[in-house]
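Report on the following structure.
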Amino acid sequence: MRTHFCGLVDETLIGQTVTLAGWTDVARNLGGVCFIDLRDHEGIVQVTVEPAEGDANSAEVFKVAASLGYEDVLQVEGVVRARHAVNDKIRTGKVEVIATRITILNKAAPLPFHAHENPGEDTRLKYRYLDLRRPEMQRMQRTRIKLVQALRRHLDARDFQDIETPILTKATPEGARDFLVPARMHPGEFYALPQSPQLFKQILMVAGFDRYYQIARCFRDEALRADRQLEFTQLDMEFAFVRERDVQDFVEDMIRAIFKEVVDVELAAQFPRMTWAEAMRRYGSDKPDLRIALELVDVAELVKTSEFPVFAAAANDADGRVAALRIPGGATLSRKQIDDYAAHAAKYGAKGLAYIKLSESGEVSSPIAKFFGEEAFAALLAHVGAANGDIVFFGAGSYNKVSDFMGALRLKAGKDFGLVAAGWAPLWVTDFPMFEWDEEAQRYVALHHPFTAPAVDDIADLRANARTAVSRGYDMVLNGNEIGGGSIRIHRPDMQSAVFELLGIGAEEARAKFGFLLDALNYGAPPHGGIAFGIDRIAALMAGTESIRDVIPFPKTTGAQDLMTDAPSPIAAEQLAEVHVQVRPKQA
C-alpha cells in the first residue's frame, strides 16, 4: 500500500513518485490550495494539493482533500518536490508531496481529543489507541522497545539463556498479595500469578542452567502509585557459581552499555558503592538521589541533655534518632511554607517538625531555641554547618521513622530549591539488613525476600544475632530510583529452613508452601545469585517521564482499572459456577 514512510521522505526523492499511507494530522483548505500534514510512525510530511484548471483529476483530488478531518486514514500518491518555505521543525521540512491521488481508507469519527492535545489521564487511558498516536507517546514507547531489544542482544551475545517460567503457579508468601486464579479441574484450589520468577530461576540453577534471563511479566495485588502497576515487566537474571561482585560487575557493565546504546548517555565508569546503613544515615533512604548534595546530620550526642523533651527522649533511646537537614538559602521560607514542609513530613510519619531559621543578618527564628543555652545552641548550629540565610529542619523519634520523613524532606527541598544537579547518578547499595521487625505482626519479615542469603554461614550465629544480621542483598539505584534489586541466594536447605523459622514460618508450613524448593536445594544446589531490573522504571527514566504509565502501552489507573476495556468487570454466574466460585454480596 506504500512505497515510503511519511517521516522519511527527503531531498533524495525529489522528482520521484511515492505512495504514502497514514493519518491526517492537520488539513488546511486555503481556497486555491490544500495542505495536508500526513503522519505515520516515522513522522510527518506535507502533502500539497493544487488543482489545475481544466484537469478533472486534480479537481477530484482537491475535492477529497477539502473533505478531510482529523485522523482520517489516507493513501496518497504524488511527486516529491522541494518546498519553497522550508520547515526546520520537522525532518521532512525541505520537501513536500504534490498529490496526484488521495484515497480515504477510513474516516475518523469526531475525536475526544486531538493528537497534539494533552487531555486528562482518564481520557487518555479510555482512548489509549488515540493517546498512543501522539508523537510524544510514540517516542516513549519506542524508547521502551529499544531498551528491551538492546537487553536481549546484550545477554544473548554473552551466553545467557532466555527461559520461560510458569504464569500459573503456586501461591507463596512473597510480600504483596497474590492474584489468584481458580483451578476449574481442582475445586476449591487456586493458582497464583507470579510476583516474580524467583523460585523457578533458582531451581533452574539447580537444574544446571548456568546463566538465565527472561523478560518476565509479574503480578502484585498492591496499592498503585506513579511508579507501581498491578502487572509489570522485569528483566530477570540468575547466575550459578557467583559471588556478589560477579553479578554486580556484569550488570553494571550491561546497564552502562544499554544507556549508551538506547539514549546515548555515558554513565559513570565505575558506580559508587554504599552500605544500607550509610545510605540511611546520610540520606534517609535506601535509594538516595545523589544528584542532591544535601545530607542529614545526626545531632543526638548534642541534644541528650536538652530541655526539649522530644529531642532528649529520642537521643537517649537506643533505637532513636535526632537528625538535622540544612537547606542553604532556606531562610526565605515563609511560615506557611514551613507548615507545608511539616505536612509533607507528616505523610511519612512525622509527629512534628522543629526548625531553626537564620536570616541573612543572623537573626534567629525558631520554636526550639528557648530550650538551649547560648553555648549549646551555637554548638548545634556549628555541627550542622548552618550559615546566615539557611534553615535547618530537625526530626526526632525512632531511627527508621526519622530517616523516612527526613529523607522525604531532603527530596522535596532539593526540588523546591533547584538543588537537583543535571545528569545521572548511579549507585550500588549493599549490605542490607537481613530482617526487619514487624510491630503489628510481632515477628521478623525479610527486607528483600526469604531466599536472600545472610552474610554469615553459621546458623547458630544467625539465630543469635537476627536483629542485626546483614544480608547479601544489593540494589542498583539511579537518580533516586531503585532500578534493580538482587542478592546471593540461600543454596543450603538447612540455612533456608533456619531463615523460614526466624520469619515465623514453621517446618510444616515451610513444607506445604516451599517443599519443592527445599527438595531442590537438597539435591546439590550450586551457590547462585541474581538480580531483577524494572523495565518499566528504566524505560521511564530513559524517556524522561515521572510515571511508568507513560511507557506501558496499556496501563491500569491508580484505581486499578483498565478504562479502555472496562476491566475488571462482573463475571456471569455460569462462569463462576464452572470454577466453583461464589461471590458474596458487598457488605452495606
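These residue numbers are counts, starting from 1, taken along the chain as shown.
Every residue gets a Cβ built from N, Cα and C, even glycine.
Copied from Swiss-Prot, the annotated features are:
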BINDING   Glu174, Arg220, His448, Arg489  L-aspartate binding site
BINDING   Arg220, Asp221, Glu222, Gln229, Glu482, Gly534, Ile535, Asp536, Arg537  ATP binding site
REGION    198-201  region 'Aspartate'
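The sparsest Cβ neighbourhood within 10 Å, among the listed binding-site residues (Glu222, Glu482), is found at Glu222. Largest Cα to Cα distance within the recorded ATP binders Arg220, Asp221, Glu222, Gln229, Glu482, Gly534, Ile535, Asp536, Arg537: about 20 Å as a whole number. Considering only the binding-site residues Arg220, His448, Arg489, the residue whose Cα is spatially closest to the Cα of Arg537 (ATP binding site) is Arg220.
Spacing of Arg220 (L-aspartate binding site) relative to Ile535 (ATP binding site) is 15 Å (Cα to Cα, whole number). Taking Cβ-Cβ distances under 8 Å and a sequence separation of 6 or more, the neighbours of His448 (L-aspartate binding site) in its chain are Phe432, Ser471, Gly473, Gly485, Ser487. Helix, strand and coil counts from DSSP across the region 'Aspartate' (198-201) read 4 helix, 0 strand, 0 coil. Counting only same-chain residues at least 6 apart in sequence, those with a Cβ under 8 Å from the Cβ of Arg489 (L-aspartate binding site) are Gln202, Met205, Phe451, Thr452, Ala453, His528, Gly529, Gly530. For the region 'Aspartate' (198-201), the mean pLDDT of the prediction comes to 97.
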